[in-house]
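Asker: Have a look at the structure that comes next, please.
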Amino acid sequence: MGENDDDKLGRIRHLFVTVFLSNLGTIIVTPAITDITMSALCPAQHHCSLAIYLSAFQQSIIGVGSVIMMPLIGNLSDVYGRKAMLTLPMTVSIIPLVILAYSREGNYFYAYFVFRTLSAMVADGSVQCLALAYVADNISEGKRCAAIGVLSGVGSSAYLGGTLVARFLSAAQASQASAFISILATVYMRIFLKESSRQNDALTHPILKTAVENCQCDGESSSKIKEFKKIPAPADFVFLLKSSPTFSLAATVAFFQSFGDGGLASSLLYILKARFHFSKDQFADLFLIGHLSSVISQLLIMPLLVPRIGEEKLLSLAMLVGFLNLLFYSIAWSVWIPYAIAGLSMFVMFASPCLRSMVSKQVGHSEQGMAQGCISGISSVANIISPVVFSPLTALFLSDRAPFDFPGFSLLCIGLTYLIAFIPSTMITTASPISSSEANNDCLEA
């Protein structure tokens, strides 16, 4: 038993390093992307509607691809393994970064834009989704929420470090560093990360049943062990949502949270640039504060609060604070306000680990990839719709054609989506999962 626990701990350590390097490679170039995009499309301007619309278009296209790819990759990882499927998104994400590292001007920017859009359909969210399933494979249910919180904290630590490094690099240097670290992350993962062993836990509540889990007690040969569906059907996801009230409520929260996150991602930086003339360095400072708050939240505060007040209440708190943050963003009257709000993001960061932990407890080990992929797919649907709604609203209220003087009006509307998500989050109750032995006994009695 001890050796087995040590093996699992070693796998988790290598997973954390993989996630850290992958996120580090992604975030280093992020503070510079707004300036790079506006320099290519609207040189020497502080407001560029074309950049806003193009970013919204890219986000929507990525969302369409993610809706298809997230559940598929998650489900295939249940069959072929987490490591094998991690290779795909981590590899394809290198291509646009290499283009950006070579040049950011003219046709190279457009080539980056195209390859970034295509690769992000596969890569965006896939590493996180598969990492969550990997943790669920190796961590018992009682410790899973804390472990997922640590995983999120490791990712936030990478964002913190990457943002700090980006603060002292030019756009060209940040692009080159991002490409190098992304390559390093992929190589490290292939060499050191071991495939997870998905063994049956004593406590599981499988929604989708395999052949054995459906208890085919008619004396068939044990050679007919499990029937895996390599490509999930829409009926599988509908069944997931209908079979567990907790899962369906979590999916609802995930949709509205992602709807708000997508609107925030497509609007906030352009609003700050238009109102307070933020540039790469100010964006890096803002990200730095936010990621530092996230690290403190997920690595220090969350492990202390989960056993005391529960992940359901933490999720509700995150949604409520998310609304308040956007409310204050929308009426920000001075340049220091966004920095102060970024510090409060530590409470918002409770949302994803709590949500994913609750989802993981509703399915068995052989269904983790599909369940996490389903939530990621639902989030991607929200990311398709969100920029279509909020980007035109942002562009309108930053222009001279605004019906009234309220540049942050779109941020207030985004905040309302968190308030909507708060309502179902208060209705979630995580029922104790049914043990495998109990399910088998019930089947035998039937």
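Yeah, the Cβs are placed from backbone N, Cα and C, and that goes for glycine too.
From TrEMBL, for reference:
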- 11-433: domain 'Major facilitator superfamily (MFS) profile' (DOMAIN)
- 12-30: transmembrane segment (TRANSMEM)
- 50-73: transmembrane segment (TRANSMEM)
- 85-103: transmembrane segment (TRANSMEM)
- 109-135: transmembrane segment (TRANSMEM)
- 147-169: transmembrane segment (TRANSMEM)
- 175-193: transmembrane segment (TRANSMEM)
- 249-271: transmembrane segment (TRANSMEM)
- 283-302: transmembrane segment (TRANSMEM)
- 314-331: transmembrane segment (TRANSMEM)
- 375-398: transmembrane segment (TRANSMEM)
- 404-423: transmembrane segment (TRANSMEM)
Asker: Determine which recorded stretch among 12-30, 85-103, 109-135, 175-193, 314-331 has the most C-beta pairs below 8 angstroms with the transmembrane segment (50-73).
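Answerer: Between the stretches 12-30, 85-103, 109-135, 175-193, 314-331, 109-135 has the largest tally.
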Asker: Could you tell me whether the transmembrane segment (12-30) and the transmembrane segment (175-193) are in contact, taking contact to mean 3+ Cβ pairs under 8 Å with a sequence separation of 6 or more?
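Answerer: Contact criterion met.
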Asker: Using a cut-off of under 8 Å between C-beta atoms, tell me which stretch among 12-30, 147-169, 283-302, 314-331, 375-398 contacts the transmembrane segment (85-103) the most.
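Answerer: Stretch with maximum Cβ contacts: 12-30.
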Asker: Excluding the flanking five residues on each side, which residues at least 6 beyond the ends of the transmembrane segment (109-135) place their CB within less than 8 Å of a CB in that stretch?
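Answerer: Beyond its ends, the transmembrane segment (109-135) has Cβ neighbours at 11-12, 15, 18-19, 22-23, 36-37, 40, 54, 58, 61-62, 64-66, 68-70, 73-74, 77-78, 82, 85-86, 88-90, 92-93, 95-96, 99-100, 103, 144, 147-148, 151, 155, 196, 356, 360, 368-369, 372-373, 376, 379-380.
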Asker: Need a quick answer: max count of Cβ pairs under 8 Å to the transmembrane segment (12-30), which of 249-271, 283-302, 314-331, 375-398, 404-423 is it?
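Answerer: Top-ranked stretch among 249-271, 283-302, 314-331, 375-398, 404-423: 283-302.
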Asker: Using a Cβ distance cut-off of under 8 Å, indicate which of 249-271, 283-302, 314-331, 375-398 has the most pairs with the transmembrane segment (404-423).
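Answerer: If we count Cβ pairs closer than 8 Å to the transmembrane segment (404-423), 314-331 scores highest.
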